[in-house]
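The next block holds one structure in the form of C-alpha coordinates; read it before the comments.
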Amino acid sequence: MTVPAGAVTEPAPAKLNLALHVTGRRADGYHLLDSLVCFAAIGDVVTLRPGPLSLTLDGPFADGLSADDDNLCLRAARLAGGQAAIALTKNLPVASGIGGGSADAAAVLRALARMGHPLPAHPERLGADVPVCIASGAARMQATGEVVIPLPALPPLSLVLVNPRVPLSTHAVFAGLARRDNPALPPIPRFADATALTGWLARTRNDLEPAAIASAPVIATVLQALRAQGAGFARMSGSGATCFGIFADAACADRAAATLARHGWWATATELAPGAAPR
Ligand SMILES: C[C@@](CO)(OP(=O)(O)O)[C@H](O)COP(=O)(O)OP(=O)(O)OC[C@H]1O[C@@H](n2ccc(N)nc2=O)[C@H](O)[C@@H]1O
Ligand SMILES: Nc1ncnc2c1ncn2[C@@H]1O[C@H](COP(=O)(O)OP(=O)(O)O)[C@@H](O)[C@H]1O
(Lines of atoms letter the chains of each structure in order from A and count residues from 1; the text may use other names and numbers.)
(Lines give C-alpha, C1' and ligand atoms only; values in the text may rest on other atoms or scores of the structure.)
(Ligands and ions follow the chains in the order given, each with its own letter.)
Protein backbone atom coordinates (compact mmCIF):
# COMPACT_ATOMS: atom_id res chain seq x y z
CA MET A 1 0.00 0.00 0.00
CA THR A 2 1.33 3.50 -0.88
CA VAL A 3 1.01 5.90 2.04
CA PRO A 4 0.41 9.50 0.90
CA ALA A 5 2.61 12.34 2.25
CA GLY A 6 1.41 13.68 5.62
CA ALA A 7 -0.53 10.48 6.19
CA VAL A 8 -0.67 8.59 9.47
CA THR A 9 -1.31 4.83 9.23
CA GLU A 10 -2.42 2.64 12.14
CA PRO A 11 -3.11 -1.10 12.18
CA ALA A 12 -6.45 -2.19 13.65
CA PRO A 13 -5.65 -5.74 14.79
CA ALA A 14 -8.35 -8.37 15.30
CA LYS A 15 -9.32 -8.79 18.95
CA LEU A 16 -9.59 -12.32 20.33
CA ASN A 17 -11.38 -13.22 23.55
CA LEU A 18 -9.33 -16.30 24.48
CA ALA A 19 -11.66 -16.71 27.47
CA LEU A 20 -14.88 -14.78 28.17
CA HIS A 21 -16.92 -15.23 31.34
CA VAL A 22 -20.22 -13.40 31.88
CA THR A 23 -20.36 -12.68 35.60
CA GLY A 24 -23.46 -10.49 36.00
CA ARG A 25 -25.65 -7.80 34.52
CA ARG A 26 -25.97 -4.09 35.33
CA ALA A 27 -29.33 -2.40 35.88
CA ASP A 28 -29.07 -0.87 32.37
CA GLY A 29 -28.86 -4.35 30.82
CA TYR A 30 -25.12 -4.30 29.98
CA HIS A 31 -23.30 -7.45 31.07
CA LEU A 32 -20.35 -7.73 33.44
CA LEU A 33 -17.48 -9.59 31.81
CA ASP A 34 -14.16 -11.15 32.78
CA SER A 35 -12.08 -11.83 29.67
CA LEU A 36 -8.54 -12.69 28.60
CA VAL A 37 -8.06 -10.62 25.46
CA CYS A 38 -5.24 -10.65 22.91
CA PHE A 39 -4.69 -9.25 19.41
CA ALA A 40 -3.80 -11.02 16.17
CA ALA A 41 -1.36 -9.89 13.49
CA ILE A 42 -4.21 -9.77 10.94
CA GLY A 43 -6.48 -6.74 11.02
CA ASP A 44 -7.93 -3.73 9.28
CA VAL A 45 -5.77 -0.71 8.44
CA VAL A 46 -6.69 2.97 8.77
CA THR A 47 -4.85 5.85 7.13
CA LEU A 48 -5.60 9.45 8.09
CA ARG A 49 -4.63 12.55 6.13
CA PRO A 50 -5.16 16.16 7.22
CA GLY A 51 -8.43 17.54 5.80
CA PRO A 52 -12.18 17.76 6.45
CA LEU A 53 -13.77 14.66 8.03
CA SER A 54 -14.49 11.95 5.43
CA LEU A 55 -14.30 8.18 5.05
CA THR A 56 -13.49 5.88 2.14
CA LEU A 57 -13.57 2.06 2.25
CA ASP A 58 -11.73 -0.67 0.42
CA GLY A 59 -10.61 -4.24 1.15
CA PRO A 60 -12.27 -7.67 0.99
CA PHE A 61 -15.07 -6.89 3.51
CA ALA A 62 -15.74 -3.25 2.51
CA ASP A 63 -19.00 -4.30 0.82
CA GLY A 64 -20.50 -5.31 4.18
CA LEU A 65 -20.20 -1.80 5.51
CA SER A 66 -21.22 1.72 4.56
CA ALA A 67 -19.15 4.88 5.03
CA ASP A 68 -22.07 6.73 6.64
CA ASP A 69 -22.12 8.80 9.85
CA ASP A 70 -22.65 5.68 11.98
CA ASN A 71 -19.38 4.10 10.88
CA LEU A 72 -17.23 3.70 13.98
CA CYS A 73 -14.29 5.42 12.25
CA LEU A 74 -16.33 8.62 11.87
CA ARG A 75 -17.91 8.30 15.32
CA ALA A 76 -14.41 7.96 16.82
CA ALA A 77 -13.13 11.06 15.00
CA ARG A 78 -16.16 13.08 16.12
CA LEU A 79 -15.72 11.95 19.76
CA ALA A 80 -12.05 13.04 19.65
CA GLY A 81 -12.95 16.33 17.95
CA GLY A 82 -10.57 15.49 15.09
CA GLN A 83 -10.76 16.36 11.39
CA ALA A 84 -9.17 13.96 8.90
CA ALA A 85 -9.72 12.18 5.62
CA ILE A 86 -9.90 8.55 6.76
CA ALA A 87 -9.25 5.56 4.50
CA LEU A 88 -10.26 2.18 5.95
CA THR A 89 -9.06 -1.11 4.47
CA LYS A 90 -11.55 -3.67 5.79
CA ASN A 91 -9.79 -7.04 6.00
CA LEU A 92 -11.91 -8.47 8.85
CA PRO A 93 -15.46 -9.83 8.54
CA VAL A 94 -18.09 -7.45 9.99
CA ALA A 95 -20.13 -8.31 13.13
CA SER A 96 -17.97 -11.34 13.80
CA GLY A 97 -16.78 -11.29 17.43
CA ILE A 98 -13.27 -10.04 16.69
CA GLY A 99 -14.06 -6.40 17.35
CA GLY A 100 -13.35 -5.09 13.86
CA GLY A 101 -15.41 -1.94 14.34
CA SER A 102 -13.94 -1.34 17.80
CA ALA A 103 -10.42 -1.93 16.47
CA ASP A 104 -11.06 0.57 13.67
CA ALA A 105 -12.36 3.16 16.14
CA ALA A 106 -9.34 2.62 18.40
CA ALA A 107 -6.94 2.90 15.43
CA VAL A 108 -8.54 6.22 14.40
CA LEU A 109 -8.16 7.50 17.98
CA ARG A 110 -4.47 6.45 18.04
CA ALA A 111 -3.86 8.09 14.65
CA LEU A 112 -5.57 11.31 15.76
CA ALA A 113 -3.48 11.29 18.95
CA ARG A 114 -0.35 11.14 16.75
CA MET A 115 -1.79 14.14 14.85
CA GLY A 116 -2.19 16.12 18.11
CA HIS A 117 -5.77 15.32 19.23
CA PRO A 118 -5.78 13.84 22.76
CA LEU A 119 -7.58 10.53 23.35
CA PRO A 120 -11.18 11.10 24.52
CA ALA A 121 -11.90 10.58 28.23
CA HIS A 122 -14.61 7.96 27.60
CA PRO A 123 -13.74 5.86 24.55
CA GLU A 124 -16.16 3.15 25.81
CA ARG A 125 -18.96 5.40 24.53
CA LEU A 126 -18.05 4.12 21.06
CA GLY A 127 -18.40 0.48 22.14
CA ALA A 128 -17.55 -1.76 25.06
CA ASP A 129 -14.50 -3.17 23.27
CA VAL A 130 -12.89 0.14 22.32
CA PRO A 131 -10.83 0.68 25.54
CA VAL A 132 -9.07 -2.70 25.22
CA CYS A 133 -8.49 -2.09 21.50
CA ILE A 134 -6.71 1.23 22.15
CA ALA A 135 -3.76 -0.50 23.84
CA SER A 136 -4.04 -3.57 21.53
CA GLY A 137 -1.97 -5.80 23.83
CA ALA A 138 -2.76 -8.81 26.01
CA ALA A 139 -5.11 -7.71 28.78
CA ARG A 140 -7.69 -8.82 31.28
CA MET A 141 -10.93 -6.97 30.49
CA GLN A 142 -13.55 -6.56 33.21
CA ALA A 143 -16.75 -4.70 34.13
CA THR A 144 -18.56 -3.96 30.85
CA GLY A 145 -15.23 -3.46 29.06
CA GLU A 146 -14.02 -0.22 30.63
CA VAL A 147 -11.64 -1.93 33.09
CA VAL A 148 -8.52 -3.00 31.16
CA ILE A 149 -5.63 -4.56 33.10
CA PRO A 150 -2.53 -4.95 30.86
CA LEU A 151 -0.84 -8.35 31.09
CA PRO A 152 2.68 -9.55 30.27
CA ALA A 153 2.90 -10.53 26.61
CA LEU A 154 1.55 -14.00 25.82
CA PRO A 155 3.81 -16.74 24.43
CA PRO A 156 3.97 -17.00 20.61
CA LEU A 157 0.86 -18.69 19.17
CA SER A 158 0.16 -20.25 15.76
CA LEU A 159 -3.48 -19.34 15.23
CA VAL A 160 -6.19 -20.01 12.68
CA LEU A 161 -9.25 -17.74 12.61
CA VAL A 162 -12.39 -19.08 10.92
CA ASN A 163 -15.61 -17.22 10.23
CA PRO A 164 -18.46 -19.10 8.50
CA ARG A 165 -19.62 -15.80 6.91
CA VAL A 166 -22.68 -15.60 9.18
CA PRO A 167 -22.91 -12.16 10.89
CA LEU A 168 -24.15 -12.28 14.49
CA SER A 169 -25.65 -9.40 16.49
CA THR A 170 -23.77 -8.94 19.78
CA HIS A 171 -26.98 -7.66 21.39
CA ALA A 172 -28.96 -10.74 20.26
CA VAL A 173 -26.32 -13.18 21.57
CA PHE A 174 -26.28 -11.51 25.01
CA ALA A 175 -30.10 -11.56 25.00
CA GLY A 176 -30.02 -15.34 24.40
CA LEU A 177 -27.95 -16.15 27.51
CA ALA A 178 -29.44 -18.80 29.79
CA ARG A 179 -27.28 -17.68 32.79
CA ARG A 180 -25.68 -14.36 33.63
CA ASP A 181 -24.07 -15.10 37.01
CA ASN A 182 -21.16 -17.34 36.13
CA PRO A 183 -17.89 -17.58 38.10
CA ALA A 184 -15.06 -15.16 37.26
CA LEU A 185 -11.86 -16.28 35.52
CA PRO A 186 -9.28 -18.10 37.63
CA PRO A 187 -6.13 -16.02 38.36
CA ILE A 188 -4.14 -15.40 35.16
CA PRO A 189 -0.51 -16.54 35.59
CA ARG A 190 2.49 -15.60 33.42
CA PHE A 191 2.38 -18.33 30.74
CA ALA A 192 5.74 -20.00 30.01
CA ASP A 193 4.62 -21.35 26.61
CA ALA A 194 1.58 -22.14 24.45
CA THR A 195 1.03 -25.45 26.27
CA ALA A 196 0.74 -23.66 29.61
CA LEU A 197 -1.72 -21.22 28.05
CA THR A 198 -3.93 -23.93 26.50
CA GLY A 199 -3.87 -25.85 29.81
CA TRP A 200 -5.20 -22.74 31.55
CA LEU A 201 -7.75 -22.05 28.80
CA ALA A 202 -9.17 -25.57 29.22
CA ARG A 203 -10.33 -24.50 32.71
CA THR A 204 -12.17 -21.46 31.31
CA ARG A 205 -15.11 -20.81 28.96
CA ASN A 206 -16.68 -18.49 26.47
CA ASP A 207 -20.07 -18.10 28.14
CA LEU A 208 -21.50 -16.63 24.91
CA GLU A 209 -20.74 -19.78 22.87
CA PRO A 210 -23.98 -21.75 23.60
CA ALA A 211 -26.23 -18.77 22.78
CA ALA A 212 -24.28 -18.02 19.59
CA ILE A 213 -24.46 -21.69 18.51
CA ALA A 214 -28.23 -21.65 19.10
CA SER A 215 -28.46 -18.74 16.59
CA ALA A 216 -25.87 -20.12 14.17
CA PRO A 217 -25.36 -23.90 14.54
CA VAL A 218 -22.58 -23.77 11.93
CA ILE A 219 -20.31 -22.43 14.72
CA ALA A 220 -20.29 -25.93 16.27
CA THR A 221 -19.29 -27.31 12.87
CA VAL A 222 -16.44 -24.78 12.64
CA LEU A 223 -15.15 -25.73 16.10
CA GLN A 224 -15.27 -29.45 15.22
CA ALA A 225 -13.47 -28.77 11.94
CA LEU A 226 -10.69 -26.79 13.69
CA ARG A 227 -10.17 -29.70 16.10
CA ALA A 228 -10.25 -32.23 13.24
CA GLN A 229 -7.51 -30.19 11.53
CA GLY A 230 -5.30 -30.62 14.59
CA ALA A 231 -6.01 -27.55 16.75
CA GLY A 232 -4.82 -28.29 20.29
CA PHE A 233 -7.48 -25.84 21.45
CA ALA A 234 -10.47 -24.24 19.71
CA ARG A 235 -13.08 -21.76 20.91
CA MET A 236 -15.36 -18.98 19.67
CA SER A 237 -14.25 -15.35 20.17
CA GLY A 238 -16.55 -12.67 21.62
CA SER A 239 -20.18 -13.01 20.53
CA GLY A 240 -19.13 -14.95 17.41
CA ALA A 241 -19.24 -16.28 14.91
CA THR A 242 -15.44 -16.20 14.43
CA CYS A 243 -13.63 -19.13 16.10
CA PHE A 244 -9.91 -19.52 16.75
CA GLY A 245 -7.73 -22.61 16.87
CA ILE A 246 -4.27 -22.87 18.43
CA PHE A 247 -1.91 -25.08 16.40
CA ALA A 248 1.49 -26.64 17.09
CA ASP A 249 3.33 -24.42 14.58
CA ALA A 250 2.84 -22.03 11.67
CA ALA A 251 3.08 -24.79 9.01
CA CYS A 252 0.22 -26.75 10.68
CA ALA A 253 -1.82 -23.53 10.94
CA ASP A 254 -1.22 -22.69 7.24
CA ARG A 255 -2.32 -26.18 6.15
CA ALA A 256 -5.43 -26.09 8.35
CA ALA A 257 -6.45 -22.62 7.10
CA ALA A 258 -6.11 -23.73 3.46
CA THR A 259 -8.27 -26.83 4.11
CA LEU A 260 -10.93 -24.95 6.11
CA ALA A 261 -11.22 -22.25 3.43
CA ARG A 262 -12.52 -24.97 1.06
CA HIS A 263 -15.84 -24.89 2.99
CA GLY A 264 -16.29 -21.33 1.67
CA TRP A 265 -15.46 -20.00 5.15
CA TRP A 266 -13.10 -17.08 5.82
CA ALA A 267 -10.07 -18.91 7.23
CA THR A 268 -6.69 -17.38 7.89
CA ALA A 269 -3.51 -18.44 9.66
CA THR A 270 -1.99 -15.75 11.84
CA GLU A 271 -0.03 -15.11 15.02
CA LEU A 272 -0.17 -12.59 17.83
CA ALA A 273 0.17 -8.93 16.82
CA PRO A 274 3.73 -7.59 16.60
CA GLY A 275 4.90 -6.18 19.89
CA ALA A 276 3.26 -9.06 21.72
CA ALA A 277 6.46 -11.12 22.04
CA PRO A 278 7.31 -12.45 25.52
CA ARG A 279 9.21 -10.03 27.74
C1 LIG B 1 -18.90 -9.35 23.37
C2 LIG B 1 -17.62 -8.58 23.19
C3 LIG B 1 -16.50 -9.18 24.09
O4 LIG B 1 -15.26 -8.58 23.87
O5 LIG B 1 -17.08 -8.63 21.87
P6 LIG B 1 -17.68 -8.70 20.35
O7 LIG B 1 -18.47 -9.93 20.20
O8 LIG B 1 -18.49 -7.49 20.09
O9 LIG B 1 -16.45 -8.71 19.46
C10 LIG B 1 -17.80 -7.09 23.63
O11 LIG B 1 -18.07 -7.00 25.01
C12 LIG B 1 -18.84 -6.33 22.89
O13 LIG B 1 -18.28 -5.09 22.62
P14 LIG B 1 -18.90 -4.11 21.50
O15 LIG B 1 -19.09 -4.87 20.21
O16 LIG B 1 -18.01 -2.91 21.47
O17 LIG B 1 -20.29 -3.87 22.11
P18 LIG B 1 -21.25 -2.60 22.11
O19 LIG B 1 -21.37 -2.05 20.73
O20 LIG B 1 -20.88 -1.68 23.23
O21 LIG B 1 -22.63 -3.31 22.51
C22 LIG B 1 -23.45 -4.02 21.63
C23 LIG B 1 -24.57 -4.66 22.44
O24 LIG B 1 -24.05 -5.79 23.16
C25 LIG B 1 -24.58 -5.85 24.47
N26 LIG B 1 -23.49 -5.79 25.45
C27 LIG B 1 -22.24 -5.38 25.08
C28 LIG B 1 -21.21 -5.35 26.01
C29 LIG B 1 -21.50 -5.75 27.34
N30 LIG B 1 -20.55 -5.75 28.28
N31 LIG B 1 -22.75 -6.15 27.69
C32 LIG B 1 -23.74 -6.18 26.75
O33 LIG B 1 -24.87 -6.56 27.08
C34 LIG B 1 -25.56 -4.72 24.60
O35 LIG B 1 -26.84 -5.23 24.29
C36 LIG B 1 -25.14 -3.75 23.51
O37 LIG B 1 -26.23 -3.01 23.00
N1 LIG C 1 -15.73 0.36 10.85
C2 LIG C 1 -16.58 -0.61 11.17
N3 LIG C 1 -16.23 -1.89 11.07
C4 LIG C 1 -17.09 -2.89 11.42
N5 LIG C 1 -18.33 -2.69 11.85
C6 LIG C 1 -18.75 -1.43 11.98
C7 LIG C 1 -17.90 -0.34 11.65
N8 LIG C 1 -18.59 0.77 11.87
C9 LIG C 1 -19.80 0.41 12.31
N10 LIG C 1 -19.92 -0.91 12.38
C11 LIG C 1 -21.10 -1.67 12.85
O12 LIG C 1 -20.75 -2.24 14.13
C13 LIG C 1 -21.33 -3.53 14.27
C14 LIG C 1 -20.33 -4.44 15.00
O15 LIG C 1 -19.30 -4.73 14.11
P16 LIG C 1 -17.93 -5.42 14.54
O17 LIG C 1 -17.15 -4.51 15.43
O18 LIG C 1 -17.26 -5.91 13.31
O19 LIG C 1 -18.49 -6.63 15.37
P20 LIG C 1 -17.85 -7.49 16.51
O21 LIG C 1 -17.54 -6.56 17.64
O22 LIG C 1 -18.89 -8.53 16.85
O23 LIG C 1 -16.63 -8.12 15.91
C24 LIG C 1 -21.72 -4.00 12.88
O25 LIG C 1 -23.08 -4.30 12.90
C26 LIG C 1 -21.40 -2.85 11.93
O27 LIG C 1 -22.50 -2.53 11.11
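Each Cβ is built from the backbone N, Cα and C atoms, and glycine gets one as well.
Quick look at what TrEMBL lists:
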- Lys15: active site (ACT_SITE)
- Asp129: active site (ACT_SITE)
- Pro93, Val94, Ala95, Ser96, Gly97, Ile98, Gly99, Gly100, Gly101, Ser102, Ala103: ATP binding site (BINDING)
- 75-120: domain 'GHMP kinase N-terminal' (DOMAIN)
- 205-263: domain 'GHMP kinase C-terminal' (DOMAIN)
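This view paints the features noted in TrEMBL onto the structure.
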residue	record	contacts (Cβ under 8 Å, 6+ apart)
Lys15	active site	Val37, Cys38, Phe39, Ile98, Gly99, Ser102, Ala103, Asp129, Val132, Cys133, Ser237, Gly238
Pro93	ATP binding site	Phe61, Gly64, Gly100, Asn163, Arg165, Pro167, Thr242, Trp266
Ala95	ATP binding site	Pro167, Leu168, Ser169, Thr170
Gly97	ATP binding site	Asn17, Leu168, Thr170, Ala212, Met236, Ser237, Gly238, Ser239, Gly240, Ala241, Thr242
Gly101	ATP binding site	Leu72, Val94, Gly127
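Per-residue confidence over the domain 'GHMP kinase C-terminal' (205-263) averages out at a pLDDT of 98.
A sphere of 10 angstroms centred on the C-beta of Ala103 (ATP binding site) encloses 28 other C-beta atoms. Around Asp129 (active site), taking its Cβ as the centre, 28 other Cβ atoms fall within 10 Å, counting all chains.
Neighbouring residues of the recorded ATP site, listed in sequence order and excluding Pro93, Val94, Ala95, Ser96, Gly97, Ile98, Gly99, Gly100, Gly101, Ser102, Ala103, comprise Ala14, Lys15, Leu92, Gly238, Thr242 (Cβ within 8 Å of the Cβ centroid).
Close contacts with ligand 2, defined as a Cβ under 6 Å from any of its atoms, occur at Ala95, Gly99 among the recorded positions Lys15, Pro93, Ala95, Gly99, Ala103. The local packing around Gly99 (ATP binding site), expressed as other Cβ atoms within 10 Å of its Cβ over all shown chains, amounts to 31. Secondary structure of the domain 'GHMP kinase C-terminal' (205-263) per DSSP, as helix, strand and coil residue counts: 30 helix, 10 strand, 19 coil.
With helix defined as DSSP H, G or I and strand as E or B, the domain 'GHMP kinase N-terminal' (75-120) counts 21 helix, 5 strand, 20 coil. In the vicinity of ligand 1, defined as a Cβ distance under 6 Å, none of the binding-site residues Pro93, Ala95, Gly101 are placed.
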